[in-house]
Amino acid sequence: MAQLVGSDEIESFRMDLAEIGRSLRSSFRGQSSSFRSNSALSASQKDDAVDEENMLAWAAIERLPTFDRLRSSLFEEINGNDANVKRKRVTDVTKLGALERHVFIEKMIKHIEHDNLQLLHKIRKRIDKVGVELPTVEVRYKNLTIEAECELVHGKPLPTLWNSLKSITMNLARLPGLQSELAKIKILNDVSGVIKPGRMTLLLGPPGCGKTSLLKALSGNLDKSLKVSGEISYNGYKLEEFVPQKTSAYVSQNDLHIPEMTVRETLDYSSRFQGVGSRAEIMTDLSRREKEAGVVPDPDIDTYMKAISIEGQKKNLQTDYILKILGLDICADTLVGDAMRRGISGGQKKRLTTGELIVGPIKALFMDEISNGLDSSTTYQIVACLQQLAHITDATILVSLLQPAPETFDLFDDIILMAEGKILYHGPRNSALEFFESCGFKCPERKGVADFLQEVTSKKDQAQYWHGTKETYKFVSVDMLSRKFKESPYRKKLNEELSVPYDNSRSHRNSITFRDYSLPKWELFRACMSREFLLMKRNSFIYIFKTVQLAIIASITMTVFLRTRMDTDLVHANYYLGALFYALIILLVDGFPELSMTITRLAVFYKQSELCFYPAWAYTIPATILKIPLSLLESVIWASMTYYVIGFSPEAGRFFRQLLLLFAVHMTSISMFRFLASVCRTIVASTAAGGLSILFVLCFSGFIIPRPSMPIWLKWGFWISPLTYGEIGLAVNEFLAPRWQKTLPTNTSIGNEVLESRGLNFDGYFYWISVCALFGFTILFNIGFTLALTFLKAPGSRAIISTDKYSQIEGSSDSIDKADAAENSKATMDSHERAGRMVLPFEPLSLVFQDVQYYVDTPAAMTELGFTQKRLQLLSDITGALRPGILTALMGVSGAGKTTLLDVLAGRKTTGYVEGEIKVGGYPKVQETFARVSGYCEQTDIHSPQITVEESVIFSAWLRLHPQIDSKTKYEFVKEVIETIELDGIKGMLVGMPGVSGLSTEQRKRLTIAVELVANPSIIFMDEPTTGLDARSAAIVMRAVKNVADTGRTIVCTIHQPSIDIFEAFDELILLKTGGRMIYWGHLGRNSCKMIEYFEGISCVPKIKNNHNPATWMLEVTSTSSEADISIDFAEVYKNSALHKNNEELVKKLSFPPAGSKDLHFPTRFSQNGWGQFKTCFWKQYWSYWRSPSYNLMRSLHMLFASLVSGLLFWDKGKKLDNQQSVFSVFGAMFTAVIFCGINNSSSVLPYVTTERSVLYRERFAGMYASWAYALAQVAIEIPYLLAQALAFTVITYPMIGYYWSAYKVFWYFYSMFCTLLYFTYLGMMLVSMTPSFPVAAILQSSFYTMFNLFAGFLMPKAQIPKWWIWFYYLTPTSWTLNGMLTSQYGDIEKEITVFQEKKTVAAFLGDYFGFHHNQLPIVAFVLIAYPLVFASLFAFFIGKLNFQRR
């Protein structure tokens, strides 16, 4: 396919259009005069009448005021009666319906590349006709250098607990000699250039060369922690002088979107936030000039231009246009989805990322690897549209691509080639080869120029391109190439341009944006409010679940604190206080899920905030306002269900005052947790902070320990705890009521006595002070939430580098390059030899599939659009075979069903309905045995983040290789695979989280392949193994894959953008079309001759051009638009072909087992025995935990903080027992420690296990281990960490509180706490295993916490719990913990104390009031260790039986 648009072609095309128009008008006049028949006359009269109507309508528009005229156009009526009559009506373009917008865009753009070109040409012609000037942006960068600070460490640069603790200590100490060693690494090194308007520039270079940093720097999105020198300017303005984020856009390589929104909604809101920019002013100027000149525009072009120029539209015609040209119209109403929620494909997400920015009015685009996951045909189509945008509208576009096909490469005007932070070439595309020929390198025939440019800088690939005749080859380093470029005429020309300052007077006034945001404040607020409301509707399940859960807890609470069982006396006053305090706990903890819900949205917020879509306040205020009705609803439910049933004071006014206070508490709670999430910004840190906050506000609320009993130096905590005011307000409201005014013998009322004993003796007006204080806290937290999002950026981590690696980087000079080059040819040969030696014993197997169909239940969105079928078919009549030693490519456009077919064949589908026959080696496929002989490289690279590359491969080898292979051979094989896939240079790196830390996209992809290859499978499925890789990395991977296939293995790969070399490395091709139908299966042949011969044999299919990539040509000629153009269904053509008949014969032959063969059978389901599985899983968990400071260090620090707070707050109260209140205080110390240290551990483990669960699903599908082995390892690795926590708690709190010293009592204290931490942690694991997502697990967890609080025996002692709930008391683990702690400490103490105005021993009081008896401690000890065993067993059961991954 030739280049679509050049400047000469544009001018020629304009002249042709004018000539065609004149000819058509002349022809029309001639033909009109020649027709004399009645029917023709009638038709002519009808057309004339319509034309006259249209002209009258346009005249009416012209008479309208300017505001209305700019919103009105002639819009073609959708008339089903007479399609030939093009009657138009005056329409307000802001009120076009969804159907009208759809029909309009379908009419304007049928064939995307051609019709989009026509549309842009017509727009430009209209603009030029009246002399309106378009804004343009020229971007210059001069001597740009970017440096990053890295922390130097000795040994492996891994974030272990020890390294993290040492770093924290050093940063806190700030002592000379203790500060971290820092090193500066150059990311970009003195680069200069000009990105010109009206030209397409391609940015090439290997991963890690600085492409992303350059794009971010030029677009003004660079991280503030990086040191930047040099100058960047737009039209002569420096970056500090305007708002670069509104003048240009950076399209990230990471696809971050809100999963609950549809594709259309994502683009609609993006369009709304970005505004219309200069379009409105251009349209106003254009309309005025046309009116003055008497020019009547094309009605369709007028409609389109007006529709996209009006600000603040909720539904925009521009969205429909972008959906169409990006091929997203077929999934416009599909949810975006995420890892756990079904949505659009990876390729569609990548296109959505592009569409999200180009839907706006931006004139300068910096696009980072926008083709990852897209087939070459789709990539070509998108880049062609971008080229048209650049050439016709004078946009400035710089695009980074990894593997551009030759046809896509030819669409660009300029090339920038980078390596190691330096620019090796920046100049015209046509001159790139000439420059490298001057350096001694020549691009071979049938080699893509882009692939050549990327490989010529590589040490291992450069030699094959050497063409110097006068001297022998010597490695030409990056520094040498950079110097040669600086001496070239291309760089000299750049220097000349940069030396001449840009004339600001030439800059269009709308080229540069000086406003931070596109919309007025009110419009920003409205847009954010409507989006937040939409997301609340989409997450309605969570809110309904929370509300129902609260109602259930309220019903339990009111039947525990039943009014018929409680009197108005001093004893029962404690129970009423307990009920009030419990209400506060419930509404406080109910806000806890706000943490996770806020955190999950932050990544998208930070992206859109950096793009200046909206300010933080526009995001936070709607989030706050829309929670008010929910908060009010939950408060009403709680108060109305519990108030009168429990038996609080019956006055209606007091009921409403309690309701108001509970509402204020709930608002404070959700505001506080939102604020903590915005400050901490990661789920682990915010969970820890949330736990500490709950601990603090409850301990200082005045209930657990009364204010008079607090140490004097800590009483300030009472006044800054929000819950204090909730406690004061509720207590004053209740105990100053008339029914509590009975006088005691001490001449004080019962109510006043109760308030005074708790330090809550305040006057009635303190209720209103409390309400105001709580709303004040709410406002304060929301202001903090806004400020945190305004000033704190997305979380990152300082890079860590070893001293050895830093020395290597600093010493990388030509001398080192020459030394490395001397070994170059030898290393290349070794690479080929290593690949060929992967010959561990295996059984060659074929895979046959016949008439495979795959259906899913029809999505609700499609049903709403009128789709009547109950099932949606994604694969239709797929028949084929995969054979040993044959490398098969599975191809098709994005969304054709490639991954779906791979999942079906591999047995990875968890939803839907599969029909048809699949056989392995001639025998029906049995998934359990098939998993042992197959490997699956998934499209999403899912790995444990806290282990190294080498450990990931070793883990796979240990569990999947045959047990008879000895350890030495396994290690050698692992080493071989690592070297073959070229991971040896990074084998000590942590895998990390995608897009956050650790490996890059291409390194992660290669690791996925290595993990599967090391299993030595007979059949390997690879889903897009080269996506995200540059040309050289893709060649490395495919060379390794080809060598594996040559050993006799069966391999099938889906592939999107193969170069000619990679495509022709395959032996066979399976090609699917949209709808999951097969249109080709057969041999490729030498130079793809068989495939080309087949398609060229079909009538109307255009012939392939010389040196054209066969893969791109094939996808282009079989695309949906091509099918429509030539009226052919390629699936039907294939079904009726001789090739199909031959293939059916082959399938029949392979469907029967070969003579003497046996069905697959293994004596055991897994390769390793149970002990081997557990040992290997435990080994992985050991390293993962040791390298997870965000998890283990945070919860350990929480334990230290909680222990210190508890020790200080209850300082030396352990032996000072005088009355019942002193016993309650000590019991409160135990209660808070048990509940909140346990809650923190349970909450902290949720995100960790959730992350590892995704890895478990992949590894379980691969048949690596039994679920129980994974679960047991996960459970066992927690024990030493929890042991250390319990020990630290005991060592700190025991002496500070001053308990009785005896080995027996100390041991019981430690044992109770250790068992508590165990069962809380295992509870968190269990909840993750039985729920689909982290937020649901967090909400369900909160209900467990509330029950553990209510039935712990602290708020309501066992003796007072109604008999219909006493079973729940015995079922609650915290009741046994507190029993063990309090009874072991005081159950044998015979000291007399005053209890409710009578004398009793401590032991007797414990027995009478709490029901705790010293002789029952052996039973308590048994029950305490039973709970962790039960929760751990349930975790193992659910993690094995349930699978929430939807595929």
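Placed from the backbone N, Cα and C atoms, the Cβ positions cover glycine too.
Taken from Swiss-Prot, the feature ATP 1 binding site applies to Gly205, Pro206, Pro207, Gly208, Cys209, Gly210, Lys211, Thr212, supported by sequence analysis. Around the Cβ of Gly210 (ATP 1 binding site), a 10 Å sphere holds 22 further Cβ atoms from the protein chains shown.
Beyond the transmembrane segment (541-561), the same-chain residues lying 6 or more positions past its ends with a Cβ under 8 Å from any Cβ of the stretch are 575-576, 578-579, 582-583, 586, 590, 593, 597, 630, 633-634, 637-638, 641-642, 645-647, 1335-1336, 1339-1340, 1342-1343, 1346-1347, 1350-1351, 1356, 1361-1362, 1364-1365. The feature transmembrane segment is assigned by Swiss-Prot to 541-561 (among others), with sequence analysis given as support.
For 575-595 (among others), the entry in Swiss-Prot reads transmembrane segment, with the evidence type sequence analysis.
Residues or ranges marked as transmembrane segment in Swiss-Prot (evidence: sequence analysis): 628-648 (among others). Note on the transmembrane segment (628-648): residues 543, 546-547, 550-551, 554-555, 557-559, 561-564, 566, 576, 579, 583, 586-587, 590, 654-655, 658-659, 662-663, 666-667, 670, 734 of its chain, located 6 or more positions outside it, place their CB under 8 angstroms from a CB of the stretch.
The list of residues near the transmembrane segment (659-679) in space but at least 6 beyond its ends in sequence, with Cβ under 8 angstroms from a Cβ of it, reads 583-584, 587-592, 594-595, 598-599, 602, 620, 623-624, 627-628, 631-632, 634-636, 638-640, 643, 686, 689-690, 693, 722-723, 726, 729-730, 733, 767, 770-771, 774-775, 777-778, 781-782, 784-785, 788-789, 792. The transmembrane segment annotation in Swiss-Prot covers 659-679 (among others), and the record cites sequence analysis as its basis.
What Swiss-Prot lists as transmembrane segment is 685-705 (among others), and the listing cites sequence analysis. Away from its own ends, the transmembrane segment (685-705) comes close to residues 577, 581, 584-585, 588-589, 592, 595-596, 599, 672-673, 676-677, 679, 714, 717-718, 720-724, 726-728, 758-760, 1190, 1194-1195, 1197-1198, 1201-1202, 1205-1206, 1209-1210, 1225, 1228-1229, 1231-1232, 1236, 1239-1240, 1243-1244, 1246-1247 of its chain (Cβ-Cβ under 8 Å, at least six residues beyond either end).
If you look at the transmembrane segment (712-732), the same-chain residues 6 or more away from its ends with a CB under 8 A from one of its CBs are 577, 580-581, 583-584, 588, 657-658, 661-662, 664-665, 668, 672, 696-703, 754-755, 758, 760, 762-764, 766-767, 769-771, 773-774, 777, 1208-1209. Feature annotation from Swiss-Prot assigns transmembrane segment to 712-732 (among others); the stated evidence is sequence analysis.
Annotated transmembrane segment per Swiss-Prot: 769-789 (among others), in sequence order, evidence recorded as sequence analysis.
Mean model confidence of the domain 'ABC transporter 2' (847-1099) amounts to 86 (pLDDT, 0 to 100 scale). Feature annotation from Swiss-Prot assigns domain 'ABC transporter 2' to 847-1099; the stated evidence is sequence analysis.
Residues annotated as domain 'ABC transmembrane type-2 2' in Swiss-Prot: 1172-1386.
Per Swiss-Prot, transmembrane segment is recorded for 1222-1242 (among others). Within the chain, the transmembrane segment (1222-1242) has long-range Cβ neighbours (under 8 A, six or more residues past its boundaries) at 574, 687-688, 691-692, 694-695, 698-699, 703-706, 709, 1195, 1198-1199, 1202-1203, 1206, 1209-1210, 1213-1214, 1216, 1282, 1285, 1289, 1293, 1297, 1312-1313, 1316-1317, 1319-1321, 1323-1324, 1341, 1345, 1348-1349, 1352, 1354, 1374, 1377-1378, 1381-1382, 1386, 1393, 1402, 1405-1406, 1410.
According to Swiss-Prot, the transmembrane segment annotation covers 1272-1292 (among others), on the basis of sequence analysis.
The transmembrane segment annotation in Swiss-Prot covers 1306-1326 (among others).
Residues or ranges marked as transmembrane segment in Swiss-Prot (evidence: sequence analysis): 1336-1356 (among others).
The annotation transmembrane segment is assigned in Swiss-Prot to 1419-1439 (among others) on the grounds of sequence analysis.
Among residues of the same chain six or more beyond the transmembrane segment (1272-1292), those with a C-beta under 8 A of the stretch's C-beta atoms are 1174, 1177-1178, 1180-1182, 1185, 1192, 1195-1196, 1199-1200, 1202-1204, 1207, 1233, 1237, 1241, 1245, 1249, 1252, 1306, 1309-1310, 1313-1314, 1317-1318, 1321-1322, 1325, 1432, 1435-1436.
Between the transmembrane segment (1336-1356) and the stretches 575-595, 769-789, 1306-1326, 1419-1439, it is 575-595 that has the most C-beta pairs under 8 angstroms.
Note on the transmembrane segment (1306-1326): residues 1233-1234, 1237-1239, 1241-1246, 1249, 1274-1275, 1278-1279, 1282-1283, 1285-1287, 1289-1290, 1294, 1299, 1337, 1341, 1344, 1373-1374, 1377, 1380-1381, 1384-1385, 1417, 1421, 1424-1425, 1427-1428, 1431-1432, 1434-1435, 1438 of its chain, located 6 or more positions outside it, place their CB under 8 angstroms from a CB of the stretch.
A count of other CB atoms within 10 A of each Cβ picks out Gly205 as the most crowded of the binding-site residues Gly205, Pro206, Pro207, Gly208. Listed in chain order, the extra residues whose Cβ falls within 8 Å of the Cβ center of the ATP 1 site residues Gly205, Pro206, Pro207, Gly208, Cys209, Gly210, Lys211, Thr212 are Met418, Ala419. The Cβ of Thr212 (ATP 1 binding site) has 23 neighbouring Cβ atoms from other residues within 10 Å, across all protein chains displayed. Neighbour density for Lys211 (ATP 1 binding site): within 10 A of its CB lie 25 other CB atoms from the protein chains shown. Sequence-distant neighbours of Cys209 (ATP 1 binding site) (same chain, 6+ residues apart, CB-CB distance under 8 A): Met418, Ala419, Glu420, Gly421.
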